[in-house]
Amino acid sequence: MASPRLETYCCPNRDAATQLVMNFQPEVFCGVCIGSASISLLLTILQLLPKKGQSPRKMPKASSSSTILLLISICDILGGLGMIFRSSVWLGFPGFIANISVVNGTDVWPSTFCVGSAMWIQLLYSAGFWWLFCYAVDSYLVVRRSAGLSTIVLYHMMTWGLAVMLCVEGIALLYYPSLSSCENGLEHAIPHYITTYVPLLLVLVANPILFRRTVSAVASLLKGRQGIYTENERRLGTEIQMRFFKIMLVFVICWSSNIINETLLFYLEMQPDINEMPLKNIRTAALITWIIMGVLNPMQGFLFTLAFYGWTGWRVDLKWRKREIPWESMSSSTVGENAYPSPVNYQSNIHDSKKISTTDSQQTDEAISMLSEGNTSS
């Protein structure tokens, strides 16, 4: 799973709370992480592969929204691979892992592996959080007609720049002045945990607000097209709102256990003796949420593809013809020229109700379709 405790594993002088979860069935925990990450990895790739029966699609260029959704999936896939690699080494080479705890040891590779693999996992999942925040920002800006494909460069700079900066800063503060000195007091650990959980808490707080504003803006756009709010347009607004709800539901399910677990472990760290009987229930809750994290964190990748695209099916098309892959479903052309389906057949509804040829109408149709792109459930 993706937890700042991974970096504290590398400290020879671990705190009592970290030692508690580290000693709790490590073989079982690593096996759970490998199993969950492997299943999520395979199902995520299956979701993204082209499927038989899907008609070829022509796409002049991808939208920023579809690009962001693809990058979120890539971050989850790479983070899952790091989790599988780290847990496999932890299970397969116990002697190698035991050298991490050796103070002033001559073999630097165990510590290098521990720090490097932990940073890889943390960086990729943090980048995924930032991309998810960018998706919420982009959705709002698209409806406000203030964004386009060109803004993806700014999103790249913000996402990777902030993810790398916070990750490096947190690691540097944790291990300062040396690896053997980390965890000597909360002044080392707290900055590291803050830099880790800032993007996670940002998504939890800011994304629902941005999604709510986007849904309200969509309703205003649809009403403004013809001065009325038809049943088809109301259905489209509901589809977009449901998509945002699914995204936040997956995020809360996968990461709420991390916040609960970290709160419990911090509480235990503040106690003189965490092995006291009155703290038994808290220790048990911390260990249970620790295992839950190992299951749910890696599953985010697959669950997000369900929220983004729906279930795309098992019929993989391995004949690599020139066709658009599932996440590329929106061109910069007008909706009237767009040949691929949206969740509520929005294009056909436009032609059935009334054809509007003005530039404002085309931009509105384009913006609304971008919010519902990539969903193949209907």
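Keep in mind that glycine also has a Cβ here, set from the backbone N, Cα and C atoms.
Annotation comment: TrEMBL describes 28-46 (among others) as transmembrane segment. Counting same-chain residues at least six beyond the ends of the transmembrane segment (28-46), those with a Cβ under 8 angstroms from any Cβ of the stretch are 1, 73, 76-77, 80-81, 83-84, 87-88, 90-91, 290-291, 294-302, 305, 312, 314, 316.
Taken from TrEMBL, the feature transmembrane segment covers 67-85 (among others). When Cβ-Cβ distances below 8 Å are used as the criterion, the transmembrane segment (67-85) is approached by residues 1-2, 33-34, 37-38, 40-41, 44-45, 48, 117, 120-121, 124-125, 127-128, 131-132, 134-135, 138, 149, 152, 155, 159, 297-298, 300-301, 304-305, 308, 327-328, 374 of the same chain, each at least six residues removed from its ends.
What TrEMBL records for 119-141 (among others) is transmembrane segment. Cβ atoms under 8 Å from those of the transmembrane segment (119-141) belong to residues 2, 4, 6-7, 64-65, 68-69, 71-72, 75-76, 78-79, 82-83, 86, 147, 151, 155, 158-160, 162-164, 166-167, 171, 196, 199-200, 202-203, 206-207, 210-211, 213-214, 217, 244, 247, 251, 297, 300, 371 of the same chain, restricted to positions at least 6 beyond its ends.
According to TrEMBL, the transmembrane segment annotation covers 153-178 (among others). Tertiary neighbourhood of the transmembrane segment (153-178): same-chain residues 4, 7-8, 10-11, 64, 68, 71, 115, 119, 122-123, 126-127, 130-131, 134, 138, 188-189, 191-196, 198-199, selected by CB-CB distance under 8 Å and a gap of 6+ residues from either end.
If you look up TrEMBL, you'll see 190-211 (among others) marked as transmembrane segment. Remote same-chain partners of the transmembrane segment (190-211), defined as residues 6 or more beyond its termini with a Cβ less than 8 Å from a stretch Cβ, comprise 4, 7, 122, 126, 129-130, 132-133, 136-137, 139-140, 162-163, 166-167, 169-171, 173-174, 241, 244, 247-248, 251-252, 255, 258-259, 262.
Distant neighbours of the transmembrane segment (244-267): 1-5, 17-18, 20-21, 132, 135, 139, 193, 197, 200, 203-204, 207-208, 211, 214-215, 282, 285-286, 289-290, 292-293, 296-297, 299-300, 303-304, 306-308; these residues of the same chain sit at least 6 beyond its ends, with a Cβ under 8 Å from one of its Cβ atoms. Look at TrEMBL and you will find 244-267 (among others) tagged as transmembrane segment.
The annotation transmembrane segment is assigned in TrEMBL to 287-311 (among others). If you look at the transmembrane segment (287-311), the same-chain residues 6 or more away from its ends with a CB under 8 A from one of its CBs are 1-3, 20-21, 24, 28-29, 32-33, 36-37, 39-41, 43-44, 47-48, 69, 72-73, 76-77, 79-80, 83, 125, 128, 243, 246-247, 249-251, 253-255, 257-258, 260-261, 264, 326-327, 374-378.
According to TrEMBL, the feature region 'Disordered' maps to 351-378.
The annotation compositional bias 'Polar residues' is assigned in TrEMBL to 358-378.
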